[in-house]
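**Q** Sharing a structure below in structure tokens format, with a few things to ask.
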Amino acid sequence: MSEITHRTKTRPVKVGPLTIGGNNEVVIQSMTTTKTHDVEATVAEINRLAEAGCQIVRVACPDERAANAIADIKKQISIPLVVDIHFDYKLALKAIEGGADKIRINPGNIGRREKVEAVVKAAKEKGIPIRIGVNAGSLEKRILEKYGYPTADGMVESALHHIKILEDLDFHDIIVSMKASDVNLAIEAYEKASKAFDYPLHLGITESGTLFAGTVKSAAGLGAILSKGIGNTLRISLSADPVEEVKVARELLKSFGLASNAATLISCPTCGRIEIDLISIANEVEEYISKVKAPIKVAVLGCAVNGPGEAREADIGIAGARGEGLLFRKGQIVRKVPEETMVEELKKEIDKLAEEHYAKLEAEKAKAEQETQKA
């Protein structure tokens, strides 16, 4: 089973039923590609994202039609809704009134102080946080004039400026992002931000590219940041179906042991010893475990001689040979199974492990409730 890597502790901030920061796990976020005023299409996409493992979803709110749709969207989805606002404070007020769980603004772009005060007052009344979104591509003119071009120091200065506006209004339910398309700049900005303030950080490499190139670029940048214990939520930004963003995010978090609700596949790269169709089997198993909400490590290996030993860390796995497969747990062979049924046998064992995990969680939940009642 996976173990959660140590996180840099930050101030906890509530987003709907979730708590971002503190000692909580990194939360996966994505953004819809639909026109927000098209409620039916937007809800359908959000529900697809939630099924894939998305935990928070953001929608664009460029106009009043989009703002008016927030309430209808909110009623039909099961995950927290973030509304993206640029410049028009009235749209922020409508989004908050419509049930947004978080809004993303830059207070300095909203206009006069009374406009910012109105947004902060509404957010306070509803108990929702504000995300300050700093982007290297849209830094304030004064910052660019001071530094000459986008720098990590300039990005942090911008963040601190917007944070101060909110803090001066006694508002502290803040989440901050420091996005850049340049990987090295993003890494430096997030490192410096993590030392400059204790608000939770939303991670992202912006404009990262298409499915393949963007996955590599995001994994390189966000992987480096996560490895330093920095980050509380993240989005993989891709020019692709947003469901792919969620899939990549889950895999990235699993790589660092940061996902306690996802199964992981281990499979060998294939060689001349293989006597089964390992690639298609691995793909089938990967698809099967994509919906398993338990931290199980599953191995699919092509060599019965070295397979079990090579996957000692796996909770369950198969190693194929001519006409049969070896089913094993923690590197120990459990039994031999015919080749034609070995994938189905593996799936049954995966289901058993998942059920054991779910039962354990329910028992822990029941125990916690009993202790709460006693207190």
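We count from 1, first residue shown onward.
The backbone N, Cα and C atoms fix where each Cβ goes, and this holds for glycine too.
OK, Swiss-Prot features for this one:
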| type | residues | note |
| --- | --- | --- |
| BINDING | CYS268, CYS271, CYS303, GLU310 | [4Fe-4S] cluster binding site |
**Q** Would you mind checking how many other C-beta atoms are within 10 angstroms of the C-beta on CYS268 ([4Fe-4S] cluster binding site)?
**A** 19
**Q** Rank the binding-site residues CYS271, CYS303 by the number of other Cβ atoms within 10 Å of each Cβ, and give the residue at the low end.
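**A** Lowest Cβ count within 10 Å among the binding-site residues (CYS271, CYS303) is CYS271.
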